[in-house]
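Engineer: Below is the structure I would like to discuss, written out as structure tokens.
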Amino acid sequence: MQGFINLNKPAGWTSHDCVAKVRRFLKLKRVGHAGTLDPAALGVLPLAVGKATRLLQFLPTQKAYRAKIRFGMTTTTDDLEGETLTTHKITELKLEQIQAILPRFLGKIEQIPPRYSAIQVEGKRLYDLARQGKVVEVPKRTVEVFNLEVLGWNCGEFPELELAITCGAGTYIRSIARDLGEMLNTGGTLAHLVRTHSSGFDLTNSLTIETLESQIKQDTFQLIPASIALKHLEAITLSSAEKAKRWCQGQRIVCESENSTPSIFRVYHPNGLLLGLGQRVVCDSQIVLSHQIVLADGSQVHPKEGKAN
């Protein structure tokens with residue numbers, strides 16, 4: 001069994017909680033996830049099962065969120081899960097003021113991760129250091145934000161801004177909330193977060209924990225094939241079953257194309273079976289297809305065997 005699950009993580013669960021639950025559902029140990037979600041957040045959490053766990057690093061890195069930012073307060077965690085540090089009522093903040101500042105958060109920006117995060121400093125997780133009361137300097141990181149769109153604005157003593165955010169890997173939405181509040185001199189914290197897209201998976205066709213459990217019990221559950229999850233990668237189909245077998249056995253195959261672009265490719269058997277991931281390299285003046293990940297074994301690549309996955 002190998003493939004992916006597009007899970008809709010519920011609020012209050014850690015990403016590891018979801019992995020542990022799916023391991024019990026499937027009675028398999030080899031389950032992993034892409035892109036940790038904070039416990040308070042909900043939405044898309046891609047899971048990999050079986051050999052597909054080796055493919056997590058090759059998934060697309062772009063993510064998208066719906067976030068609500070509350071102004072007039074700050075917390076220890078930069079969201080509502082932490083202790084309140086400051087509160088003051090905001091009466092004159094206008095949406096136009098926020099819209100004038102938002103462009104500063106677009107493109108490649110420097111960001112300081114929240115003190116309660118999984119980032120490691122000197123080999124220790126920041127959240128462990130914070131819980132021990134240790135104050136350390138959190139290093140800045142360069143992240144990329146591709147798009148910011150205002151979805152809603154609620155006035156009041158503690159006004160809230162709803163944003164749609166598209167960003168690259170490693171971007172902390174809590175940090176955006178905190179920094180936006182600092183720029184406006186109001187204070188700000190993340191009030192609600194939904195991940196709507198992650199690593200090529202979308203919220204619209206995600207499964208809740210309850211739906212997943214029901215499908216498994218009714219024997220109607222199907223994993224998302226690796227070919228679909230990796231469709232952003234180019235594909236190469238080997239010209240013969242013999243070449244496919246040799247490639248799966250660890251031998252380099254001379255490429256029939258003269259293109260030496262060193263990209264990662266999906267490698268297919270002539271019958272449509274995904275064999276794994278490979279890369280074109282130059283060896284002894286020849287362009288050969290080397291291995292990154294081999295998913296199929298010898299029994300799957302016999303000329304009369306194997307099904308597309």
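Heads up, the Cβ atoms here are built off N, Cα and C, so glycines get one too.
Note: TrEMBL annotation is automatic and uncurated.
Pulled these from TrEMBL:
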- Asp38: active site, nucleophile (ACT_SITE)
- 23-173: domain 'Pseudouridine synthase II N-terminal' (DOMAIN)
- 174-216: domain 'tRNA pseudouridylate synthase B C-terminal' (DOMAIN)
- 240-279: domain 'tRNA pseudouridine synthase II TruB subfamily 1 C-terminal' (DOMAIN)
Engineer: Can you tell me which parts of the same chain pack against the domain 'tRNA pseudouridylate synthase B C-terminal' (174-216), counting only residues 6+ beyond its ends and a CB-CB cutoff under 8 A?
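Structural biologist: Residues 4-10, 13, 18, 21-22, 25-26, 34-35, 37-38, 40-46, 59-75, 77-80, 86-88, 90, 93, 97-98, 101-102, 104-105, 111-114, 117, 145, 160-161, 164-166, 224, 229, 231-232.
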Engineer: How many other Cβ atoms are found within 10 Å of the Cβ atom of Asp38 (active site, nucleophile), counting all protein chains shown?
Structural biologist: 23
Engineer: How many helix, strand and coil residues does the domain 'tRNA pseudouridine synthase II TruB subfamily 1 C-terminal' (240-279) contain under DSSP?
Structural biologist: 8 helix, 13 strand, 19 coil
Engineer: According to DSSP, which of helix, strand or coil covers Asp38 (active site, nucleophile)?
Structural biologist: coil
Engineer: Tell me the residue counts in helix, strand and coil for the domain 'tRNA pseudouridylate synthase B C-terminal' (174-216), as DSSP assigns them.
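Structural biologist: Its residues divide into 21 helix, 14 strand, 8 coil.
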